[in-house]
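Engineer: Relevant sequence annotations retrieved from TrEMBL are reproduced here:
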| type | residues | note |
| --- | --- | --- |
| TRANSMEM | 44-64 | transmembrane segment |
| TRANSMEM | 84-108 | transmembrane segment |
| TRANSMEM | 115-134 | transmembrane segment |
| TRANSMEM | 146-168 | transmembrane segment |
| TRANSMEM | 180-200 | transmembrane segment |
| TRANSMEM | 212-231 | transmembrane segment |
| TRANSMEM | 243-262 | transmembrane segment |
| TRANSMEM | 268-286 | transmembrane segment |
| TRANSMEM | 298-319 | transmembrane segment |
| TRANSMEM | 331-352 | transmembrane segment |
| REGION | 366-385 | region 'Disordered' |
| COMPBIAS | 376-385 | compositional bias 'Polar residues' |
Amino acid sequence: MEIPRQEIHIEIDNSIPSSKEFKTGLADAKPVVLMSALRSLHAGYFRISLSLCSQALLWKIMIAPDSPSMSHMHSKLPSMAFHLLWYLALVTQVSLCFLYALKCIFFFDKVKEEFLHYIGVNYLYAPSISWLLLLQSAPMMEPNSVLYQTLFWIFAVPVLTLDTKLYGQWFTTEKRFLSMLANPASQVSVIANLVAARGAAEMGWNECALCMFSLGIVHYLVIFVTLYQRLPGGNNFPAKLRPIFFLFFAAPAMASLAWNSICGTFDALAKMLFFLSLFIFMSLVCRPNLFKKSMKRFNVAWWAYSFPLTFLALDSVQYAQEVKDPVGSGLMLIFSSISVLIFLGMMVLTAANSNRLLRHDPVLGSATDPKDKQKTLSLNATNQN
């Protein structure tokens, strides 16, 4: 019995694609990369511009000619560095807003998911906060100018709109009660109101400033007490986002700055808020193990270390200008130095990890919504029975 033989012919193509075809392939790949970056972008990336804008405000206050506590350092902090920092913050903010606007056009479903997410929705305040800080640190506009006041309302209206939506849900919608959704990122909404209050006070609109301040400080107290009691929402916070715990002292620090602008002096209430933020900062610094898991791999959440420290540094500068003693000057020097060093460190780390910056970030997607977690637990209990 003979087995039929089959001939196998193998052809090897050694041809090299032409440079024209290779360039076409790269051109086709660029839109894919852009779409992937837009899909991964979320409002949490505005932490970067938040840090830049707050740092610009710090430098503006430190090099001000009417700053007696910093007069001896005025020559060491050239205004050129402040202007470069402000324009860098402006370019970063415009770029992030442009990219996020593209995401709203091409991936509106992802933006809607972010709006419904119990952590992601809080960072929708971040673009407005950055614009308001950028406006307050602007080197070429006076608070009493028409342009300044117009831009203030453009940036403040989204804050009031989100307030109406978010705060209304917290006490009227059963599935979205604050006791279920509260997490450290909820304090971003408080900071937005306080930054708007400071901006209004700088223009002399004290009634508007008091309105925004009252909204911010009352909700800060409610959120702080809710988180202090460790209600269900606090158990659903991813370890990668633990740098956001620094918002615990960022809110009272910003409240102190806002109240100082409203009253025109760093009075007893402003000092109390400054001491509260200082105490919470020390409490967090004394627990480095809390942030151990979040520091294993670079994440954009690391920028949450920078702007809260800048708010505390701004507070220390205002405090030093008021008390005019060695303790105040020492606190000002310590926190201003820490703020600048952390800010520069974050810029270096971000540049070194730029290839990871716009990759898919699973944090918001993997964070379980409290009500979804309850459903999962009830289903598991049913299956076990």
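Even glycines carry a Cβ here, placed using N, Cα and C.
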Engineer: What stretch, picked from 84-108, 146-168, 268-286, 331-352, has the most CB pairs under 8 A with the transmembrane segment (44-64)?
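Structural biologist: The stretch with the most contacts is 84-108.
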Engineer: Please indicate, using numbers and ranges, the residues of the same chain that are 6 or more beyond the transmembrane segment (180-200) and have a C-beta under 8 Å from a C-beta there.
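Structural biologist: Contacts of the transmembrane segment (180-200) (Cβ under 8 Å, skipping residues fewer than 6 from its ends): 118-119, 122-123, 125-126, 128-129, 132-133, 135-136, 152, 155-156, 159, 162-163, 166-167, 170, 206, 208-213, 215-217, 219-220, 223, 226-227, 231-234, 236-237, 241, 244-245, 247-248, 250-251, 254-255, 257-258, 261-262, 370-371.
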